[in-house]
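Undergrad: What follows is a structure written as structure tokens; I'll ask about it next.
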């Protein structure tokens, strides 16, 4: 133990040491949620997004059906819940946005918050374009029949013919690529602005701006509707879908487990990636939302609740999607049977086929899938040598169900095509696209909060003005995505701007808390904040399991990027189909620039703070919500003495204990805590006694 009469020498300045922290004030002027329900809905609205509807069902189908749920659920427990809990906890305790939180947990890794903000910016740019597409389809849905229900007719005088591009593909595909996007055949040909999509993007940004302009005072109210309405629509679609012919075939196909798939590493990698992004980890929105909570809120309960609501939503969306796709697959098979039955009748009439090959019970006027399959099998067996020349299709339901679609292909082509066969199809179309708008809006509110909250915490700027300026700037930057080639840039940003940078961000978040700040110390902070000690399961997850899983995921992502040729699916007008094309050199530079720019703050902040080129900002709190700028650096010496002695702010330190002496051995008196005031109110570094139980991180 250090003698009380011997003052300690001033410790060297190192921004790797966590700051000592004072008790949290009862009222620091920070805005707060009106209710716990409003906060939960905000977190649910942010985490539950378009990926739950059009990404999870695709992955489930691709990776073994019901078997995919096993690795997904395991990784949700091992990675998802612990890291989600970690972000909620640090945001609630420090009560700042992502920049402020990571500046004071570990100043040298303060670039984590800046990288989160930049990724939020990249994602927000293209994510709002998808909302714009949904807005366009929403307004187009107020027509009967739906404008994508039939191919347009081209008229040349008295002659009328079906649009060739539409005839080669389908009505919904043609409407998406030609009438909505009017897309070019290559990313190199911009084609100029698409006016319809530009106006839709403007409407989308106006909606987002109005939702977040007053912070949680406005976004919290929006969340009551935008978070709950999608569940109403999903349940309505589920009931309607189950009443459709063939829906059970789709659901059965979906949940028939292919257990051998569980042994493939690719399945686990994609499950981990989906868990990671489904909860919105690393974006800063989770931290920003939790920073407006009361200090004693049970964030552990929130983490578990929101994680499982997210999982439940993914399952619900999967049921809906495959009930509808099962119905569509049956329609396509019936259409296939009719077309091929007509071919067979032609062959019978021209004596290419013998009537003896047709089973006696087969009725050509009302042929079932079973009857056609039997007839197809007989003809194939007898005409083995010349069967291919007949041009007959097998018309298998399994083949239709195995056609994997995701993303825009699922929402704007496959699902819209199925809805054209619904009774009262405009009503269902309006409901579906209104649901997509609300799902996207909830995620965009969280993304924008991940941008505005850290900046407003750090700088004294007017909230409303800053929000409006952000939205205006984002709209003009988003014009890149509403060119005729804009769809290809959306794919580029989706593939490169978030995946690898966010995974690295979350790994560094985990490391900074578990290994630099100290897992034992963090667990003690949680006990003081929550009133109970979290299960030791989280200790081992944060300390060992989650970092290892994230490093494996980063390695797998890098390997996948190296072995997979960078490219995009371009719509070729002459062929009326998609073809994979590699990116030109300038686009490749743009792809990897997105990754570099998003991760650049990490090494830059580390270097400038390692060499003391930039203050870590811990000597003052730039902004308080009630009083504006508040300089408190002049209280540094007083705060140091109080913190070292474990006294309350109002107590007078004992004259016998000189500054710099560390007496705290009781964990509850440990001055190394995650409370906000000392993070923003002190600039000293504390010496930790080698014998202190908290010196072990």
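Here the Cβ of each residue, glycine as well, is placed from N, Cα and C on the backbone.
What TrEMBL says about a protein is an automatic prediction, not a curated fact.
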Undergrad: Give the range, chosen from 348-374, 375-401, 537-563, that TrEMBL lists as transmembrane segment.
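TA: Matching range for transmembrane segment: 537-563.
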Undergrad: To the transmembrane segment (199-217), which of 224-243, 271-292, 465-484, 496-517, 583-608 is linked by the most Cβ pairs under 8 Å?
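TA: Going through each listed stretch, the top one turns out to be 465-484.
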Undergrad: Can you name the residues of this chain that are 6 or more positions from residue 48 (Na(+) binding site) yet have a C-beta less than 8 Å from its C-beta?
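TA: Expected: 227, 230, 309, 310, 313, 439, 442, 443.
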Undergrad: Hey, for the Na(+) site built from 45, 48, 52, 310, 439, 443, who else sits with CB inside 8 A of the CB center?
TA: 44, 46, 47, 49, 50, 51, 227, 230, 313, 442
Undergrad: Could you tell me what the rest of the chain brings near the transmembrane segment (427-453), counting residues at least six beyond its ends with Cβ under 8 Å?
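TA: Distant Cβ neighbours of the transmembrane segment (427-453) are 42, 44-50, 52-53, 96-98, 116-117, 120-121, 123-124, 127-128, 130-131, 134-135, 137-138, 141-142, 146, 207-208, 211-212, 215-216, 219, 222-223, 225-227, 229-230, 233-234, 236-237, 240, 280, 283-289, 291, 411, 415-416, 419, 463, 466-467, 470.
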Undergrad: If you draw a 10 Å sphere around the Cβ of residue 45 (Na(+) binding site), how many other Cβ atoms fall inside it, taking every protein chain shown into account?
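TA: Summing over all protein chains shown, residue 45 (Na(+) binding site) has 28 other Cβ atoms within 10 Å.
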Undergrad: Need a quick answer: max count of Cβ pairs under 8 Å to the transmembrane segment (69-90), which of 111-139, 224-243, 271-292, 304-325 is it?
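TA: Of the candidates 111-139, 224-243, 271-292, 304-325, 271-292 scores highest.
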Undergrad: If you skip the near sequence neighbours and keep only those at least six away, which residues in the chain come within under 8 angstroms of residue 52 (Na(+) binding site), Cβ to Cβ?
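TA: Result: 278, 310, 313, 314, 317, 439.
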Undergrad: Who are the chain neighbours of the transmembrane segment (271-292) in space, where the CB to CB distance is under 8 Å and they lie at least 6 residues beyond its ends?
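TA: Counting only partners 6 or more residues beyond its ends, the transmembrane segment (271-292) has Cβ contacts under 8 Å with 30-33, 39, 42-43, 46-47, 51-52, 55-56, 59, 63, 68, 71-72, 75-76, 79-80, 83-84, 87-92, 94-98, 101, 113, 116-117, 119-120, 123, 216, 299, 302, 306-307, 310, 314, 443, 446-447, 449-451, 453-454, 498-499, 502-503, 505-506, 509, 549, 553, 557.
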